[in-house]
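What TrEMBL says about this protein:
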| type | residues | note |
| --- | --- | --- |
| DOMAIN | 65-457 | domain 'Cation/H+ exchanger transmembrane' |
| TRANSMEM | 74-92 | transmembrane segment |
| TRANSMEM | 112-133 | transmembrane segment |
| TRANSMEM | 140-163 | transmembrane segment |
| TRANSMEM | 250-267 | transmembrane segment |
| TRANSMEM | 287-305 | transmembrane segment |
| TRANSMEM | 370-390 | transmembrane segment |
| TRANSMEM | 402-420 | transmembrane segment |
| TRANSMEM | 432-451 | transmembrane segment |
| REGION | 491-613 | region 'Disordered' |
| COMPBIAS | 497-511 | compositional bias 'Low complexity' |
| COMPBIAS | 573-593 | compositional bias 'Basic and acidic residues' |
Amino acid sequence: MLARRCCTLIAALAFAQSKSPEMVLDADTNEYLPTWVHTEVSHISLALCVLGFYLVTVNQLSFYLKSRLFMSNALLALCIGIAVGPIGLDWVSPWQWTNFDDEARYNLTFQITRLVIGIQVMFAGIELPAAYLKKEALSLFILLLPIMTIAWFVSAGFILLFVKGLTFLEALAISACITPTDPILANTIVKGRYAEKYVPVSVRNILSAESGANDGLGYPFLFIAIDLMQRGVKGRSISESLQHWVVTTWIYQILLSCVIGAVIGYLARKTLKFAHNRRLIDHESFLAYGVGLALFTLGVVGVLGSDDVLACFVAGNSLTWRDFYRIEASEEDTFQDVIDALLDTTTFIYIGAIMPWSEFSNEYLTPWKLVLFAICILLFRRLPAMLVLYRFIPAVDGFQEGLFTGWFGPIGVSALYYAILARENIPEDRTALHTVIFPVVIFMAMSSTFIHGITIPLSKAAPLAIARTKSTMSFRSDGFFAKAQRWFSPDGTETPATRTPVTRSAVTSRRSSFDRSDSMVQTGTPPKDSPVVAPRLEDGGDIAANGIRDADEEDKHARFSRTTVSDGGFHTPRREESPAGRPHASELERIREGANGGATTPTQLKVEFSLPP
């Protein structure tokens with residue numbers, strides 16, 4: 001009976017949601033519910049249900065998704081946002097939140113992106129080492145001026161090629177929105193297991209610094225195009241427009257915001273250190289200090305009409321200029337990680353829900369041209385310039401780091417911020433620009449989130465698939481992959497048999513075992529510095545365990561003990577043990593017979609290791 005009532009309630013709620021254009025159940029649908037049920041199905045409540053369900057569900061799989069599959073949280077959240085948005089289940093509809101008022105929806109999106117970017121660039125500035133902006137001034141200069149300028153013009157060229165009805169200045173205005181590197185997507189690249197294992201610290205730091213700085217430095221690229229477009233409306237000449245651009249953008253917005261951010265960060269560092277030394281602040285408030293400082297900086301600089309995003313980044317770096325706050329907070333950085341996860345999830349679910357699908361096809365845009373445009377932008381906007389100029393960037397060492405830095409320049413939340421900012425300032429007579437700027441920019445943000453989100457999983461999956469294929473074939477034919485073999489006499493001394501990779505016992509945690517399995521080396525010659533450790537023989541030839549298992553592995557592999565080939569990454573479970581802790585006698589006899597062509601002798605024992613299927 002209870003199950004029947006629950007099914008009736010769910011069906012009535014679904015019926016009400018599909019039939020009622022209002023945000024509350026119609027009175028007609030209440031007849032399907034018991035008299036004691038009083039429902040109010042609002043889109044805000046549904047949005048909270050979606051967000052909460054996503055958090056509690058995905059968090060249960062977070063280790064597997066992030067540490068094994070290397071999936072991006074932003075990619076998953078964007079997919080969920082599209083699924084529950086107006087094009088899907090219509091549970092999250094920002095259009096209904098704003099009563100289908102486009103300007104109100106744009107303003108809501110602008111304030112959300114402004115808040116999220118301000119907090120993220122504050123965290124980016126906090127996490128940089130002491131005096132980092134001074135030490136890596138040359139690297140930042142090349143990334144923020146030559147490379148960013150090249151990306152700006154290249155993007156404008158592709159916009160003119162694929163979007164109809166635009167002038168060169170209008171193309172420059174759109175390209176200025178997608179030129180900066182997004183700090184939220186960059187944060188997912190420079191953090192996590194993959195980054196800690198494969199990405200050098202210098203590359204991680206320079207990507208964080210660039211994403212924080214160029215979000216604020218997108219103002220000059222955007223407003224030079226807008227000021228030149230406004231010269232007809234304002235009655236200015238080209239020289240007067242350029243003069244206005246220098247004064248308002250470079251001096252008032254860029255320079256003033258840097259000064260204000262540096263002063264706020266300096267005063268915050270001094271007062272926080274004073275309170276910390278005298279035990280006036282508790283640990284939780286100390287960790288949350290960065291969020292409060294970001295909100296304060298956004299408010300102060302926003303009131304003055306200056307570049308509040310750049311001010312947040314400078315304030316964060318000024319706060320940790322002497323490494324005081326960074327070192328103290330890094331001992332327990334869980335709070336910032338939680339804030340990052342909540343911001344990423346909420347923002348990208350919202351972005352997925354506001355995708356203007358109907359605006360991707362109009363008199364200026366066609367879907368297939370948008371796809372080609374996204375491919376060209378991701379390939380040529382930043383990567384060629386980085387491959388040419390990486391030699392002059394001290395923080396980037398070598399071609400591989402240059403390739404990585406050039407490819408991972410994602411487009412995301414900051415692009416939407418600049419697109420809405422541009423809509424508020426471009427002249428009203430630029431109809432084509434008003435029509436296409438937001439659809440083009442949000443399509444690029446979606447494409448970049450998808451492509452950059454699957455790059456690392458694909459880069460890990462392809463070699464793993466090849467290795468597994470070869471491993472399967474090696475079990476079918478011993479000639480494809482030579483098995484790792486080594487011959488030992490009962491006393492542990494080596495015989496003149498063919499030398500092959502040597503085994504060593506390994507005490508592996510869950511993460512370290514995963515790390516080694518990701519970098520399997522399938523060779524037949526061990527490194528020169530590999531230690532030679534032979535399996536110990538006890539009680540007349542029984543193989544004894546020579547390793548200690550991690551507590552996490554104990555539950556999962558209760559009947560196995562892992563050994564590895566030195567620096568090769570092979571993981572081979574030992575044969576099933578007898579209750580006494582040693583292999584069965586029959587198993588040992590089969591090993592000896594295979595080692596000596598069927599004749600068991602006390603002088604030789606062949607131990608084989610092979611790749612797992």
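Glycine is treated like the rest: Cβ placed from N, Cα and C.
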Per Cβ pairs under 8 Å, the stretch of 140-163, 250-267, 370-390, 432-451 packing most closely against the transmembrane segment (287-305):
250-267
Looking only at the recorded stretches 74-92, 140-163, 370-390, 402-420, 432-451, which one has the largest tally of CB-CB distances under 8 Å to the transmembrane segment (112-133)?
402-420
Residue list, the transmembrane segment (370-390) vs rest of chain: Cβ under 8 Å, 6 or more residues beyond ends.
142, 146-147, 150-151, 154-155, 158-159, 161-163, 178-179, 360, 396, 399, 401-403, 405-407, 409, 411, 440, 443-444, 447-448, 451
What same-chain residues lie close to the transmembrane segment (432-451): Cβ under 8 Å, and 6 or more beyond its ends?
72, 74-75, 78, 106, 159, 163, 165-166, 170, 173-174, 177-178, 182, 185, 348, 351-352, 354-356, 359-360, 362, 364-365, 370, 373-374, 377-378, 410-413, 415-416, 418-420, 422-423, 426
What residues elsewhere in the chain lie close to the transmembrane segment (402-420), defined as a C-beta under 8 angstroms and at least 6 residues from its ends?
74, 106-107, 109-110, 113-114, 116-117, 151, 174, 176-178, 180-186, 189, 199, 203, 206-207, 215, 218, 222, 309, 347, 351, 377, 381-387, 390-391, 393, 396, 437-438, 441-442, 444-445, 447-449, 452, 455
